[in-house]
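Listed in TrEMBL:
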- 22-136: domain 'Response regulatory' (DOMAIN)
- 200-334: domain 'GGDEF' (DOMAIN)
- ASP71: 4-aspartylphosphate (MOD_RES)
Amino acid sequence: MNDKLPKDITLEKIDLQENEIKIFIIDDEVHLAENLCTLLSNSGYSVDIASSGKEAMDKLKTQHYHLLITDLVMPDIDGISVMEFVKEKSPDTLLIVITGYASTESAVNAMRKGAYDYIIKPFEIDYFIFTVERAIEKIKLEMQVKVNYEKVLEYAKQLEEANTKLMELSITDGLTKLYNQTYFHKCLQKEAAMALRYFAPLSCLMLDIDNFKQVNDNFGHQFGDKVLKELADIIRESIRETDIASRYGGDEFFILLPQTDLKGTKILSERLRMKINNRVFRDGVHSTHLTVSIGISIFSPSMAEDKAKLLTLSDRAMYTAKMSGKNRIVIYEDQAENNQIDFERKRKKGPVEN
């Protein structure tokens with residue numbers, strides 16, 4: 001497994017300046033709070049102070065802080081309550097609690113509730129600075145992880161979208177967005193195998209635009225492309241989700257109809273023929289009426305070794321429709337009715353085991 005990131009994604013290093021780090025000190029010993037504020041401010045940090053839990057909560061309603069340093073024992077609202085308030089409002093705020101020797105148990109309890117660290121009074125200034133700097137390094141690291149995690153997620157989303165697009169391009173015709181010839185043949189193999197196994201009906205129709213060359217000659221290929229796209233839309237609107245439509249050639253279309261007998265295929269073919277016959281194809285300058293010739297074939301067990309024969313027979317039937325005057329539907333009669341009866345008889349015996 002390749003666990004390396006792609007070369008075109010660059011992870012960011014968060015380099016927060018001291019004045020961008022916001023610290024909030026809460027302690028009812030005002031003199032201590034002011035001294036700590038001065039100490040951290042002189043180091044370049046942005047520092048606010050509050051002398052009570054209530055004052056702190058009022059500020060926390062409107063302000064966000066990266067680091068909160070709070071005494072645990074205060075007369076009105078204790079440090080644990082302030083912690084719980086912060087955790088609910090701003091879960092990413094890091095918490096350091098200050099406590100006296102006599103209340104180390106409270107400090108441990110605060111750690112269980114999510115505090116990052118605790119400092120016991122009285123404390124050395126160097127130790128206080130060390131604890132704060134360690135907390136700030138953690139803040140920077142967590143921010144870096146968050147930013148880069150979001151960046152990797154975005155990249156993964158873009159990659160997934162690109163892969164989906166590539167997959168779509170590999171199986172569809174660029175102009176009409178119907179399936180292309182290669183993918184259609186894969187679908188034919190799969191559906192034919194299912195039809196053989198379960199003796200299920202499988203039909204195919206081939207549709208060819210009558211006199212399409214004249215459309216291109218008279219109105220230009222740009223208008224001809226518009227006609228092909230509109231005709232593909234008509235096909236899409238007329239078939240089921242389980243049906244498989246393909247632009248097979250310039251103006252030739254195949255539609256594979258799983259679980260569809262001859263009667264159902266004839267109904268769909270006539271619906272398509274009429275929709276296209278009644279449509280006026282136009283752009284801002286040109287307009288024209290079109291007709292189509294349609295050939296139908298029915299899959300049979302005799303095609304097991306040559307499943308593409310289903311397409312060949314549809315093509316022959318379509319050619320007969322052309323030769324018979326166009327704008328019509330022709331069924332490959334030699335096998336259609338016999339195939340239908342054959343499948344109905346075998347279906348009663350149940351599926352074939354592989």
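The backbone N, Cα and C atoms fix where each Cβ goes, glycine too.
Keep in mind that this is a model prediction, so the values were computed, not measured.
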- Note on the structure: Neighbouring CB atoms within 10 angstroms of the CB of the residue listed as '4-aspartylphosphate', all protein chains considered, total 25
- Message: Can you break down the domain 'GGDEF' (200-334) into helix, strand and coil residue counts using DSSP?
- Response: 63 helix, 35 strand, 37 coil
- Message: Averaging the per-residue pLDDT over the domain 'Response regulatory' (22-136), what integer do you get?
- Response: 91
